[in-house]
Amino acid sequence: MTSKYFSVLVFIILASNEVVAKRHSSTPKLRKTDFPEDFIFGAATSAYQVEGAAQEDGRGPSIWDTFSEKYPEKIKDGSNGSIADDSYHLYKEDVGLLHQIGFNAYRFSISWSRILPRGNLKGGINQAGIDYYNNLINELLSKGIKPFATIFHWDTPQDLEDAYGGFRGAEIVNDFRDYADICFKSFGDRVKHWITLNEPLTVVQQGYVAGVMAPGRCSKFTNPNCTAGNGATEPYIVGHNLILAHGEAIKVYRKKYKASQKGQVGIALNAGWNLPYTESAEDRLAAARAMAFTFDYFMEPLVTGKYPVDMVNNVKGGRLPTFTSKQSNMLKGSYDFIGINYYSSSYAKDVPCSSENVTMFSDPCASVTGERDGGIRDLILYAKYKFKDPVMYITENGRDEASTGKILLKDGDRIDYYARHLKMVQDAILIGANVKGFFAWSLLDNFEWASGYTVRFGLVYVDFNDRRKRYLKKSAHWFRHLLNGKKEN
């Protein structure tokens with residue numbers, strides 16, 4: 001498996017150099033026509049981060065409601081998403097902003113507990129939740145904007161967490177399947193692009209190893225503020241159930257809806273691109289292991305029905321679950337496209353394997369450090385060459401800025417970030433990667449999880465002190481000019 005990583009790395013280096021050699025050292029200006037004619041440009045959000053209306057119209061609580069409201073000290077500014085951007089009431093304005101900028105797609109997530117307040121069919125379906133998403137989808141289509149719907153973006157219903165531990169319990173696989181079934185049945189006549197899970201790696205790492213995100217579980221030696229958890233075992237159980245939940249969801253879509261609705265179902269995976277810290281053989285192996293425990297962790301089962309060999313070799317003591325032959329067959333090929341959420345890349349350095357205070361973070365025996373540019377192109381090519389050239393969308397890409405309390409609309413650093421990353425996406429396409437679209441994160445400044453409202457990712461400034469008023473930032477105008485056919489840096 002490691003030799004395959006090196007082969008892929010060589011392909012990437014040679015292909016990248018071939019493109020770069022043909023270009024000027026400075027970043028060329030961009031046109032929309034530099035991308036394929038059917039290339040999709042969109043922006044993304046998630047339900048808990050923007051919707052608000054946490055206790056309105058029958059919505060049940062999620063683990064993020066509990067985590068942020070019961071333990072406000074775990075959020076940097078003590079805030080929560082109970083109101084957030086109030087998109088539940090202001091969705092028409094937000095769709096208007098998408099249209100004004102020129103985006104032709106919107107990636108949003110559906111709140112599980114807004115559809116199923118208690119998380120499962122026994123608790124009943126909330127028609128008001130169905131109505132809200134119908135209204136949002138219809139508004140998007142009326143403006144010529146394609147809906148990309150994410151079924152799960154971290155907001156597990158609290159009732160399922162209480163009943164059997166949420167994604168720690170095998171029961172959640174069927175409950176998620178039933179929830180996805182409702183979404184397909186209710187919205188699939190108009191939604192043609194579905195994402196089952198957003199960043200399962202983040203759920204596993206931050207919710208069950210670091211303990212800094214809901215449900216806030218970890219080993220005590222990792223974070224004394226965690227009330228319970230085991231960073232050596234729970235992450236792998238949760239990851240296993242997430243993968244199986246994805247598999248069951250796409251299985252039900254293909255069985256019941258694919259023929260009539262003709263949609264596509266994928267998954268959004270996050271990872272940086274890890275290069276060796278030095279040219280030593282040890283660091284090269286560490287870089288391969290770092291990829292195995294991040295991107296490959298969730299991609300490999302969808303291609304081969306198995307976990308990466310480096311994970312099998314490194315996770316000692318029977319802590320890594322195994323797939324049955326039936327589950328393995330279900331998972332193989334269980335995607336129509338792969339979403340890539342990319343922000344930055346790092347270097348991986350070999351470190352001794354730990355025998356004490358073991359967690360998922362120590363299992364790769366690699367220290368990931370520093371940041372570097374250029375990783376989005378390399379990660380795309382890695383996915384292309386290693387995983388059978390999948391159809392890909394960049395489902396998230398963006399950068400934050402500190403919230404100062406002032407209305408700041410000039411975000412030149414964000415423009416530079418988007419220009420450079422879009423150019424690298426274009427380079428990957430020229431090499432032959434099958435990338436079909438790009439979604440900026442995020443349309444709006446919003447509740448940024450454990451950071452609360454202390455950072456801003458939006459193309460649109462939201463004034464949280466004045467009725468959630470929206471203002472286009474300079475980066476939004478940059479996208480508008482780009483999408484209207486004008487050259488931009």
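Backbone N, Cα and C define each Cβ position, glycine as well.
Feature annotation from Swiss-Prot assigns signal peptide to 1-21; the stated evidence is sequence analysis. Positions annotated as beta-D-glucoside binding site by Swiss-Prot: Gln49, His153, Asn198, Glu199, Tyr343, Glu396, Trp441, Glu448, Trp449, Phe457. Annotation source Swiss-Prot lists N-linked glycosylation site at Asn80, Asn225, Asn357, citing sequence analysis. The active site, proton donor annotation in Swiss-Prot covers Glu199, and the record cites similarity to another entry as its basis. Marked as disulfide bond by Swiss-Prot on the basis of similarity to another entry: Cys218-Cys226. The feature active site, nucleophile is assigned by Swiss-Prot to Glu396, with similarity to another entry given as support.
The subset of recorded positions (Gln49, Asn198, Asn357, Trp441) lying with their Cα within 10 Å of the Cα of Asn80 (N-linked glycosylation site) consists of Gln49, given in sequence order. Counting only same-chain residues at least 6 apart in sequence, those with a Cβ under 8 Å from the Cβ of Gln49 (beta-D-glucoside binding site) are Gly81, Ala84, Asp85, Ser442, Asn446, Phe447, Glu448, Trp449.
Residues Gln49, His153, Asn198, Glu199, Tyr343, Glu396, Trp441, Glu448, Trp449, Phe457 are recorded as binding beta-D-glucoside; their most distant pair of Cα atoms lies 18 Å apart. In sequence order, Ser219, Phe221, Thr222 constitute the residues six or more apart from Asn357 (N-linked glycosylation site) in its chain with CB-CB distances below 8 Å. Closest to Glu199 (active site, proton donor) in space, going by CA atoms and restricting to the recorded positions Cys218, Cys226, Tyr343, Glu396, is Glu396. In sequence order, Ser46, Ser109, Thr150, Phe152, His153, Trp154, Ala268, Asn341, Thr395 are the residues near Asn198 (beta-D-glucoside binding site), counting only same-chain partners six or more apart with C-beta under 8 A.
Around the Cβ of Cys218 (disulfide bond), 25 further Cβ atoms fall within 10 Å across all displayed protein chains. The C-beta environment of Tyr343 (beta-D-glucoside binding site), restricted to residues of the same chain at least 6 apart in sequence and closer than 8 Å, consists of Asn270, Gly272, Glu396, Asn397, Gly398, Arg399. Long-range Cβ contacts of Cys226 (disulfide bond) within its own chain (separation 6+, distance under 8 Å): Gly211, Gly216, Arg217, Cys218, Ser219, Lys220.
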